[in-house]
């Protein structure tokens with residue numbers, strides 16, 4: 001919702017705006033709640049990163065957690081400024097992150113170890129270059145949704161071959177947070193005119209950010225468990241501070 005309130009960042013140039021009044025609490029932050037709602041994602045990704053490094057998981061998982069942090073920071077900058085370049089700085093890492101998920105999910109099935117990573121890397125570079133030149137709009141959302149759908153078949157296969165109830169719960173929490181978050185995103189996007197007339201704005205897009213922070217944390221933890229099973233590291237689901245699930249592994253000395 002574009003407003004005439006003066007701002008530090010100048011006029012809004014983003015192709016998308018969300019159902020939150022601009023620059024209400026600060027001339028430096030366009031959408032306050034949409035900006036700070038990325039903080040849980042950063043905290044959860046840091047927890048996952050520390051666990052991955054401490055237990056010497058494969059580097060791909062450290063990169064995955066760091067990509068979550070980068071994506072959250074990009075989202076914060078975008079919602080704080082509502083600039084076109086900042087929007088692209090938010091959307092391009094979203095695609096890169098999904099390419100990384102595709103690599104992690106499908107890599108155990110690849111017979112040629114360098115072909116698919118090379119393709120995914122080039123795909124990400126080409127997309128970034130094109131995205132600098134073109135405003136994709138609805139095309140970006142469809143493209144991102146397609147990348148997400150590509151992850152479903154293999155992830156479901158992991159789920160049905162997982163016997164541990166705690167690990168299966170992670171997958172269920174992943175689906176639940178995704179569905180609830182999608183409802184929040186759609187309501188904020190489609191019913192903004194009605195919501196704007198309410199006494200209280202539920203901040204659906206900010207709720208989407210919070211839920212997606214937990215969503216990727218559950219997804220990452222589940223994938224780490226599945227990978228540890230493949231490597232025969234005897235994974236178990238433990239809980240940090242009695243709430244945050246993480247994977248505890250036991251490697252043989254030779255590994």
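All positions are counted from 1 along the displayed chain.
The backbone N, Cα and C atoms fix where each Cβ goes, and this holds for glycine too.
What TrEMBL annotates here:
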- 18, 20, 22, 31: Ca(2+) binding site (BINDING)
- 32-51: transmembrane segment (TRANSMEM)
- 63-81: transmembrane segment (TRANSMEM)
- 79, 205, 209: Zn(2+) binding site (BINDING)
- 120-152: transmembrane segment (TRANSMEM)
- 173-191: transmembrane segment (TRANSMEM)
- 206-226: transmembrane segment (TRANSMEM)
**Report entry** Among 20, 31, the one of these binding-site residues whose Cβ has the fewest neighbouring Cβ atoms within 10 Å
**Finding:** 20
Query raised in the report: the transmembrane segment (63-81) and the transmembrane segment (206-226): do they have three or more Cβ pairs under 8 Å, with pairs 6 or more apart in sequence?
Result: yes
**Report entry** Chain residues in Cβ proximity to the transmembrane segment (63-81) (below 8 Å; excluding those fewer than six residues from its ends, i.e. six or more beyond)
**Finding:** 9, 14, 18, 28-31, 34-36, 38-39, 41-42, 44-46, 48-49, 52, 87, 89-90, 93-94, 96-97, 100-101, 104, 209, 213, 216-217, 220, 223
Query raised in the report: What Cα-Cα separation, expressed in whole Å, is found between residue 20 (Ca(2+) binding site) and residue 209 (Zn(2+) binding site)?
Result: 14
Query raised in the report: Cα of residue 79 (Zn(2+) binding site) to Cα of residue 22 (Ca(2+) binding site): how many Å, rounded?
Result: 10
Report summary line: Around the Cβ of residue 209 (Zn(2+) binding site), other Cβ atoms within 10 Å, all chains included, total 25
Query raised in the report: Given the binding-site residues 79, 205, which one has the fewest other C-beta atoms within 10 angstroms of its C-beta?
Result: 205
**Report entry** Env. residues of Zn(2+) site, Cβ within 8 Å of mean position of 79, 205, 209 Cβ
**Finding:** 18, 20, 31, 33, 34, 35, 37, 38, 75, 206, 208
Report task. Inside 10 Å of the Cβ of residue 18 (Ca(2+) binding site), count up the other Cβ atoms and send me the figure. Result -> 22
